[in-house]
Amino acid sequence: MSAKPDLKIVLCSPRGFCAGVVRAIDTVERALDKYGAPVYVRHEIVHNKYVVDGLKKKGAIFVEELAEIPESTTAPVVFSAHGVPKSVPADAQSRNLFSLDATCPLVTKVHREAAIHFKRGREIFLIGHSHHPEVVGTLGQLPVGAVTLIETAEDAKTITPKDPNNLAFVTQTTLSIDDTAEIVALLKERFPNINGPHKEDICYATTNRQLAVKKVAPVVDALIVVGAPNSSNSQRLREVAEREGCPIAVLAQRAADLDWKRFENITSLGITAGASAPEVIVEEIMDAFAERFTLHVETVSAAEENEFFPLPRQVRPEAAAE
């Protein structure tokens, strides 16, 4: 039997779960522990099939709209980490549903910023991807027409505001830092008085994971991003790897998704994971490579992370006796 070829694995750090994802998953699990099954969840709690399937097995029921929840239920309904339009909690209240809000606090920060700009009479631009649940939620914080979506640099070049001197912008939290910087620069060049966030809206986890990929992608033959196709931050990581010159940059939800022909002649491989992807899948993929190669593993770090977001009050441990 011939010896397995050597393969250098470069793990990107940080990778995987962020504080907002941990909070969202813990919210569902704590609700199941405290109230029992079922617990309804509006939209995927985070964009990861492995996580969602695991919660389904524990008794979570995922729906896209509140109308899918039985009228007579007393079970809790959890709003996903991506945030929801204001109409959703209002609808839940009108139906006397018991709701738990697992919206990431950094998304809530964007909602607050938009509300402040609206109160001050500013026309608001939202930099983001249409149809993404986070963008739908942010647009739904204010009356229709109060926020204009900007998706591309071309949009930023051509948009015509009502009053160029009374503008503000906010952004989706999971965008490409480079693409967003280009759009923001164009807006500031065209509208020097535009108001932006005091601290950028792209979240720390998105930024750190992209910076780690920027370090690793130029020095490996291939890079795998563990993540789901509908995960915005995971897709951006793959795009960053391609942009930094990595010859093979792929997105994979599980080891079974990998096309092994693409990795036959590589000698080095980078691995990262989107903010909603669990470390167990990284380990699964490394095990799959270990069956075919002799691995030599190292880690490249771009930042240290120690962020923590408290759970919704109703499911905090101290609320157990309530």
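Note that Cβ sites are derived from N, Cα and C of the backbone, with glycine treated the same way.
If you draw a 10 Å sphere around the CB of Glu134 (active site, proton donor), it holds 24 other CB atoms from the protein chains shown. Annotation comment: Swiss-Prot describes Glu134 as active site, proton donor.
On its own chain, Cys18 ([4Fe-4S] cluster binding site) has Cys203, Tyr204, Ala205, Ala275, Glu305, Glu307 as residues at least 6 apart in sequence with a Cβ closer than 8 Å to its own Cβ. In three-state terms derived from DSSP, Cys18 ([4Fe-4S] cluster binding site) belongs to neither a helical nor a strand segment and is classed as coil. Residues annotated as [4Fe-4S] cluster binding site in Swiss-Prot, with sequence analysis given as evidence: Cys18, Cys104, Cys203.
The secondary structure of Ser232 (dimethylallyl diphosphate binding site), as reduced to three states from DSSP, is helical. The dimethylallyl diphosphate binding site annotation in Swiss-Prot covers His47, His82, His132, Ser231, Ser232, Asn233, Ser276, and the record cites sequence analysis as its basis.
The (2E)-4-hydroxy-3-methylbut-2-enyl diphosphate binding site annotation in Swiss-Prot covers His47, His82, His132, Thr173, Ser231, Ser232, Asn233, Ser276. Taking all protein chains in view, 26 other C-beta atoms sit within 10 angstroms of the C-beta of Asn233 (dimethylallyl diphosphate binding site).
According to its DSSP assignment, His132 (dimethylallyl diphosphate binding site) is coil. In sequence order, His82, Gln172, Thr174, Ser232 constitute the residues six or more apart from His132 (dimethylallyl diphosphate binding site) in its chain with CB-CB distances below 8 Å. The isopentenyl diphosphate binding site annotation in Swiss-Prot covers His47, His82, His132, Ser231, Ser232, Asn233, Ser276.
The record gives His47, His82, His132, Thr173, Ser231, Ser232, Asn233, Ser276 for (2E)-4-hydroxy-3-methylbut-2-enyl diphosphate. Within 8 Å of the mean position of their Cβ atoms, the other Cβ atoms in that chain belong to Val46, Pro133, Glu134, Thr174, Asn230, Ser234, Gly274, Ala275. Neighbour density for His47 (dimethylallyl diphosphate binding site): within 10 A of its CB lie 28 other CB atoms from the protein chains shown.
Rounded to a whole number, the distance between the Cα atoms of Thr173 ((2E)-4-hydroxy-3-methylbut-2-enyl diphosphate binding site) and His47 (dimethylallyl diphosphate binding site) is 14 Å.
Of the residues the record lists as binding dimethylallyl diphosphate, namely His47, His82, His132, Ser231, Ser232, Asn233, Ser276, the two whose Cα atoms sit farthest apart are 15 Å from each other.
Sequence-distant contacts (6 or more apart, same chain, Cβ under 8 Å) of Cys104 ([4Fe-4S] cluster binding site) comprise Gly20, Val21, Arg23, Ala24, Ala81, His82, Gly83, Thr173, Cys203, Phe309. Recorded residues Glu134 (active site, proton donor) and Asn233 (dimethylallyl diphosphate binding site) have their alpha carbons 12 Å apart, per Cα-Cα distance. In sequence order, Phe17, Val21, Val46, His47, Asn48, Val51, Ala81, Gly227, Ala228, Ser231, Asn233, Ser234 make up the list of same-chain residues 6 or more apart from Ser276 (dimethylallyl diphosphate binding site) whose Cβ falls under 8 Å from its Cβ.
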